[in-house]
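In TrEMBL this protein carries:
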DOMAIN    B:2-152  domain 'Glycerol-3-phosphate dehydrogenase NAD-dependent N-terminal'
BINDING   B:7, B:8, B:9, B:10, B:11, B:12  NAD(+) binding site
DOMAIN    B:173-305  domain 'Glycerol-3-phosphate dehydrogenase NAD-dependent C-terminal'
ACT_SITE  B:184  active site, proton acceptor
């Protein structure tokens with residue numbers, strides 16, 4: 001099939017490489033001004049994947065929009081501005097797949113909600129779940145999830161995207177899968193903080209309480225709480241809570257050690273979105289709240305995290 | 001309080017050291033014939049903890065049974081034989097705490113069930129959840145769970161055992177906490193197998209599917225499925241699925257690499273018990289089954305584990 005990947009960052013470039021490798025015709029789109037686009041155009045590689053000659057690398061959005069399937073993988077906070085660009089385009093007959101893990105910081109909105117504000121006419125799906133580019137390119141397989149309101153869209157995409165490297169499961173809870181996929185980055189920051197404070201052993205308790213927190217929120221939002229325990233959230237903890245590659249974990253670790261990390265991890269914006277959702281749905285989110293207090297309010301991390309796990313004796317559930 | 005710890009292995013010796021350190025009067029019991037008892041009597045240490053002079057190390061079971069609280073920490077497969085010895089003893093006014101993670105291999109019975117077969121007159125509790133001796137002795141805190149049919153017993157024990165090092169939560173599902181605590185060792189073996197096969201990235205999917213498998217079994221047994229996501233099971237994955245200290249994880253890793261591990265991990269017996277429970281409660285247990293096929297039936301691990309995670313496309317739940 002003709003597939004365009006919108007976004008040529010680490011993950012977008014990988015998606016293009018992967019989909020090309022399983023036989024699709026790929027257009028990879030990046031902004032002319034982006035450093036990563038320039039690097040790819042100049043060298044044909046980003047150090048993780050090397051673009052195949054067959055692939056079409058372009059900064060012409062119109063050219064990218066000709067494919068049947070559009071896979072979008074950009075920073076979640078830039079998604080609305082992309083949708084503004086897509087709002088007036090002809091997308092007839094196309095399917096859009098969002099392969100991103102985030103929420104709009106200011107509003108707490110899920111990305112398919114933003115998509116449907118602009119393009120209620122176009123079928124949209126999400127592609128979430130575990131996996132690091134560094135593992136996939138070494139041939140280490142993983143399981144991921146495709147979710148959409150439409151069973152037909154899910155089937156079409158699972159058939160088109162499956163391989164020995166990535167085995168897809170059908171999701172059945174768009175709210176749960178989007179919230180779960182985004183919020184695992186917040187849990188990842190908390191995990192990094194525990195690592196940085198020499199409290200790695202508490203990552204067990206973090207997993208138990210983190211999944212509960214997200215399950216409760218998903219239920220209050222009208223999703224299925226069990227989705228928090230699926231591939232998109234708990235299933236992504238190996239890659240987030242434990243992996244040396246996880247940006248969010250490393251960001252949390254560097255933060256509590258007072259080291260400069262260079263850039264904000266995606267989970268920082270997601271933390272803001274989570275607090276918005278917590279207020280909106282009256283859900284208690286103690287871990288998201290703790291991450292926010294440490295990162296945005298300058299509270300002392302050791303005290304905040306000790307309070308979170310070790311203060312009061314209570315019933316487990 | 002006067003507390004006796006029955007069992008002077010790695011975990012029993014730690015419990016004695018910990019309870020002594022928070023101010024209790026401790027008797028530590030081991031069998032005269034045991035290597036660990038001999039080592040402790042000769043050197044006063046097992047390399048992880050050093051016994052305090054105040055502690056009473058004994059091989060006289062009668063002396064150990066004088067304390068108000070008896071904490072039992074022996075191999076789960078030896079528990080019935082200990083209970084036979086305890087069946088005729090005077091335990092009036094005593095509380096028994098089982099700090100062990102296992103099930104009876106032949107019957108699938110939980111340890112409190114075996115306890116109550118012999119001593120229905122004596123209150124019994126379980127002490128489960130994450131934590132490695134190696135972390136605790138370095139001062140790294142963790143959260144654990146006390147569960148019992150009796151709220152009064154739980155309160156008494158949580159008050160007596162709590163400290164800055166171990167924060168206790170009240171459990172409310174003895175079935176779920178016992179099954180969860182024991183079965184995490186089976187998941188730990190599976191995790192080690194993935195590590196040994198260079199499929200570490202699949203530990204995310206393992207966590208997601210492992211918790212589901214145990215949750216389903218707990219529900220079928222009459223417990224609360226959510227307990228699988230609590231400290232006793234998911235909360236113990238950091239220490240089991242990821243830790244370099246985990247015997248079960250290391251056993252699984254060594255097994256698939258064809259290396260000698262010296263002894264069987266506790267999870268091997270638990271795997272047998274799980275299959276018994278699966279038949280008894282008609283619960284599908286694909287991960288326990290896969291571990292059994294590799295360890296006990298000589299099936300090829302790479303094929304068994306690939307089949308488990310990567311074969312068929314299906315709904316996630």
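Residue 1 is the first one shown; counting continues down the chain.
The backbone N, Cα and C atoms fix where each Cβ goes, and this holds for glycine too.
What TrEMBL says about a protein is an automatic prediction, not a curated fact.
Note that the coordinates shown come from a computational prediction; the quantities given were computed from them, not determined experimentally.
Locations of recorded TrEMBL features on the structure.
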{"residue": "B:7", "record": "NAD(+) binding site", "DSSP (3 states)": "coil"}
{"residue": "B:12", "record": "NAD(+) binding site", "DSSP (3 states)": "helix"}
{"residue": "B:184", "record": "active site, proton acceptor", "DSSP (3 states)": "helix"}
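Residues near residue B:12 (NAD(+) binding site) in space but far in sequence (CB under 8 A, at least 6 apart, same chain), listed by position: B:5, B:6, B:28, B:30, B:71, B:73, B:74, B:99. Take the binding-site residues B:7, B:9: by the count of other Cβ atoms within 10 Å of each Cβ, the lowest one is B:9.
Cα separation, residue B:10 (NAD(+) binding site) to residue B:184 (active site, proton acceptor), rounded: 19 Å. Apart from B:7, B:8, B:9, B:10, B:11, B:12, the residues listed for NAD(+), the same chain places the Cβ atoms of B:5, B:13, B:14, B:15, B:30, B:36, B:73, B:74 within 8 Å of the centroid of those Cβ atoms. Residue B:184 (active site, proton acceptor) and residue B:11 (NAD(+) binding site) are 17 Å apart (CA-CA, integer value). If you draw a 10 Å sphere around the CB of residue B:8 (NAD(+) binding site), it holds 28 other CB atoms from the protein chains shown. If you take the Cα of residue B:9 (NAD(+) binding site) and the Cα of residue B:184 (active site, proton acceptor), they are about 20 angstrom apart, rounded to a whole number.
Most other Cβ atoms within 10 A: among the recorded positions B:10, B:184, that distinction falls to B:184. Reported as a whole number, the C-alpha separation between residue B:7 (NAD(+) binding site) and residue B:184 (active site, proton acceptor) equals 22 Å. Other C-beta atoms found within 10 angstroms of the C-beta of residue B:11 (NAD(+) binding site) number 19, with every protein chain shown included. The CA atom of residue B:8 (NAD(+) binding site) is located 23 Å away from the CA atom of residue B:184 (active site, proton acceptor).
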